[in-house]
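Below is one structure, written out as structure tokens, with a few remarks after it.
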């Protein structure tokens with residue numbers, strides 16, 4: 001079941017689409033004066049709350065709507081808070097293993113500078129604060145996001161993500177790197193499914209408030225992009241354990257890194273075109289800048305030759321980053337309302 005936000009704009013009755021208008025059952029009920037006329041859409045939505053399971057006990061096919069009831073929403077709130085806690089503690093524990101990280105080099109040019117990596121995780125965690133606020137708001141779109149679009153699949157993301165955050169700095173151990181690749185691969189698939197659920201086509205019919213936008217749409221976008229970048233980096237690290245790692249299929253690490261960046265650049269442009277999702281591309285552009293900084297300001301690269309050093313990878317990274325960022329600016333200028341889900345349907 002999905003709630004059509006276009007119906008909100010048309011000010012139709014607030015009930016699930018599968019319940020007929022003459023059935024007399026409302027999933028959302030007015031908590032105050034039902035005759036009060038509101039001045040704005042969000043003011044109007046704020047007056048509604050969800051029904052309890054008991055209110056649906058005699059409704060035909062009510063099992064379809066249990067996930068939207070007050071008890072179910074409260075249970076999912078608890079699971080979301082627990083999941084965010086798992087991610088937070090995984091991030092803290094992973095950073096506590098800093099000594100293991102400092103004695104290890106990435107052995108591949110496809111690696112952002114460490115502070116860029118830390119900044120990416122920090123930004124993902126920061127947008128989680130907006131998600132927490134959205135979790136306790138009362139709007140039709142927030143209920144739809146929690147109960148249907150994210151559903152229970154998001155909790156698998158929390159678990160796998162928390163495990164990876166804990167292990168991410170345990171380097172120079174092949175089986176740990178392989179586990180990290182598997183975790184990131186599964187995460188990429190799960191987040192892709194969630195991404196397809198929450199990202200609407202760019203036809204201008206859908207709107208969300210700022211907390212739903214920042215806490216869900218932006219956070220999922222940058223997390224999806226960053227997880228795939230991390231997975232690619234870990235694959236390069238695993239390949240470095242092979243004796244022929246610097247000549248895989250006749251190509252050096254430099255060439256494979258440039259190919260990977262070109263593929264991510266193309267993916268960023270496709271997502272930007274299809275969904276007007278600037279944040280997916282921003283994370284890619286941000287990562288490319290981190291790769292460039294790694295190649296130009298890494299003391300090891302300045303002093304002596306190293307596997308992770310490549311001048312041409314750094315040049316390619318900054319060029320692709322600038323081009324992608326230019327496309328992002330053009331998209332913002334031309335489709336600002338669609339980028340921020342602020343344009344209502346005609």
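Note that the numbers count up from 1, one per residue, in the order the chain is shown.
Note: Cβ is positioned from N, Cα and C throughout, glycine not excepted.
Any TrEMBL annotation is an automated prediction that lacks curation.
Matching 35-57, 173-195 against TrEMBL, the residues noted as transmembrane segment span 173-195. Within the same chain, the transmembrane segment (150-167) stays apart from the transmembrane segment (256-273): fewer than three Cβ pairs sit under 8 Å, each pair at least 6 residues apart. Packing against the transmembrane segment (216-236) from elsewhere in the chain are residues 106-108, 110-111, 120-121, 123-124, 127-128, 130-131, 134, 145, 149-150, 161, 164, 168, 177, 180-181, 184-185, 187-188, 191-192, 194-195, 198-199, 208, 253, 256-257, 260, 264, 268, 277, 279-284, 287, 341: each is 6 or more residues past its ends and has a CB under 8 Å from a CB in it.
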